[in-house]
Amino acid sequence: MSSLISRLRKLFKSRNTHDFSNLCKENYQTLLSSEEGKILLGIYHFLSGEPQKAEELLSQVSENSLNSAQGLSDLGLLYFFLGRVEDAERVLKKALKFSDVDDALYARLGALYYSQGKLEEAQHYWERALSLNPNKVEILYNLGVLHLNKGELEKALDLFERALRLKPDFREAEEKKTLILLSLNRIDELVEEYYRELEKNPNEEVYIKLGNTLYTAGRLAEARAVFQEGAEKFPHDPRLKLGLIEVLKEEGRTYQAGTLLKEWLEDTSWVDEEKTPNKDEFLMQMRFRLNELRIQASFLDTAEKDLEKVENKEDYPEYYILKSKILMERNKGLEAADLLREAKERFPAHLGVLQELVHVLTSIGELEEAKEIQSQIVAINPSAVIQQVEMEDYKATDEQIQVLETLLNSPAVPKQTRASAGFVLHKVLEKRKDYDKAFEVLIKANELVKEEINYDWREHRFMIQRTIEVFTPEVVERLKGRGHPSKRPIFVLGMPRSGTTLTEQILGSHSMVYPAGELPFVPKIVNLIPKALQYVGKEPKEWPEAILEFDERLLKSAAQYYLDRVAKLDSEHPRIVDKLPHNFDYVGLILLMFPNAKVIHLKRNDLDVAVSNYQQNFAAKHGTMGFAFDLRWIGHMLNDHRAIMEHWHKLFPGQIYELDYQRLTEEPEEVIRELLEFCELPWEDRVLEYYKTKRPVKTASIKQVRKGIYRSSVEKWRRYEKYLTPVIEILQEGFKKLEDPEIEKYQDKVIPKGLVGYTVG
């Protein structure tokens, strides 16, 4: 028994949870015969997502029968996993009195205090752990992060450098080191040092260090050039190839990244067995990355076919994660959840699986189960406080607030993480009604994002300006009624955060309606139009001028393209809802393609929309959704929105239903009856309980729509009125056409990118 217990502890401490779990299952009955065995089985059950079974085993353990630091240390860890922090602290401290104390006990005490924001206590115990095991890179790294959070950059730098001397390929430590040098204004020194080294001895290691440093510093164009040159000079080194892919992904160059991955996978002669000892495993990971990019680009069928061809696919957590993403894109949230639950059984401590499962469960309204799994994530990774506070509906302890403030204000923490902490902290402070501090934090979070994106409001203004000029009554009259007669699509559109998700969920709870979410098909049609024109022998004009070349054949062809793709998502319901908010840019095209389609436009108080957008950490921040991170940019987008919708109403009188968000919150049944009547749908009582549906919600409104209709967001802007001068000034300015010199700059940027999807990051 003692050798089995020792072996299990060794596996667990080395983070080999897969073998740890298998060994527990193989020796389950044997382990039940001892107190220490029951504790280890409790840990196994917790990692397997079965906290109730862990609690049952814990209740059978007699703490007084444990007479070793090891046994008490495991018991304290199990208490910690189950959220019984006071018991965990008491038992772990009791273990200190025994002679067999090891570095793991001190490390666990450090993690316990760190998770509570008690940095001094955490530092004390992690330093004790390090004194027993000076070469433990994980403890060096944790201490480095702790000193970062305390603002002690030089101490943190020393610890990360020590970790890197022991483990040169420790990427996380390398990133932290770079961030510290960046915050100390010493990044140029490091970059110059690497460039000099590259001139003297241009080897793979220097290319990798330089590329990673530039990437972490946000100098993406330089990083891309370095990785590209390195990959060409050293084609057999996989790290340079992967570095290039990561930079391309960060730059939003999805197509280029996917093309390279496809080339490298089709011809694997570049793989050197010495440099890539696990060749098959490495190529499999590249294959998963390619399919991830395919899913992002909405090539779902291609990705799915390739994933199903993977041999022994059940042995890869990535297979489950990517397959669940495909299911979510197809609005099959329940299937995605079941698949990920199966993955959790096989990989109980895989953070990627657990995080994806939390996301899916939240989207289908299984909030209690999502909270349980989030607690497992925090137990495995105590720094996941941002997600933990989100799951607790932004109710945070004082210690958690301190951690969030530290993350937000630490210049050595990645900007993306700092911004995420800021957006969450804003919601926490808003919930506490500390509105002034909340908005100050929100400004800081948005400014951090702005430093990372390249957005110009004039690009969208120019497209709207040209659309208004091109879509004349004469053009509409020539094409009116020539599109596809289908009544199947219902388009819900308007400014992001105006109530489009709520409206989709109401309609989607009707038995005749399938809520498809934010479909990319209308923007895709717009992007494909030049090729379509060329194919039929017409001048390949870009949008919106392309509408001048349209005829009945092209309209019906575009509509059929849309209907074919919708049919792959659902073939059972007679109606389907497409709720891509920014389809307001393309209402003219939609109503010409589908003259019998229903178009529902959400209108909401401009300032409420402005505040709500500014409060969201949108994932699609590199595209058109970049407008949401600056109050003036939001004002310009609101002006664009108002101008184009006024134009569509003039061209298509009576064909667009105006749904007032405030009226919906005040008179829900009356408004919903009008909505169903407009959509030619019979009344069903179930539409009033839309929030009970298990269909997934994938947008920024993921939590709100699970609570039913609520009025707390109406007139919300008044809390922050004194901060809204920038957006108010732009709204008063109204929609102004760009002048000729400005037009020259933007005439090649016709289609704004990133319209598809605006989920929260």
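Using the three backbone atoms N, Cα and C, a Cβ is placed for every residue, glycine included.
What Swiss-Prot records for this protein:
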{"type": "REGION", "residues": "487-761", "note": "region 'Protein sulfotransferase-like'"}
{"type": "REPEAT", "residues": "35-68", "note": "repeat 'TPR 1'"}
{"type": "REPEAT", "residues": "69-102", "note": "repeat 'TPR 2'"}
{"type": "REPEAT", "residues": "103-136", "note": "repeat 'TPR 3'"}
{"type": "REPEAT", "residues": "137-170", "note": "repeat 'TPR 4'"}
{"type": "REPEAT", "residues": "172-203", "note": "repeat 'TPR 5'"}
{"type": "REPEAT", "residues": "204-237", "note": "repeat 'TPR 6'"}
{"type": "REPEAT", "residues": "351-384", "note": "repeat 'TPR 7'"}
{"type": "REPEAT", "residues": "419-452", "note": "repeat 'TPR 8'"}
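For the repeat 'TPR 3' (103-136), the number of residues in each DSSP class (helix H, G, I; strand E, B; coil) is 27 helix, 0 strand, 7 coil.
Taking DSSP states H, G and I as helix and E and B as strand, the repeat 'TPR 1' (35-68) has 25 helix, 0 strand, 9 coil.
Of the recorded ranges 35-68, 103-136, 137-170, 419-452, the repeat 'TPR 7' (351-384) has the largest number of C-beta contacts under 8 angstroms with 35-68. Residues 218, 386, 389-390, 394-396, 401, 404-405, 407-408, 413, 614-617, 621, 629-630, 719-720, 723, 761 of the same chain sit 6 or more residues outside the repeat 'TPR 8' (419-452) yet have a Cβ under 8 Å from a Cβ within it. Per-residue pLDDT, averaged across the repeat 'TPR 3' (103-136), gives 92. Residues 168, 171, 174-175, 178-179, 182, 187, 190-191, 194-195, 197-198, 243-244, 246-248, 250-251, 270-272, 275-276, 414-415, 451-452 of the same chain, all 6+ positions outside the repeat 'TPR 6' (204-237), place their C-beta atoms under 8 angstroms from a C-beta of that stretch.
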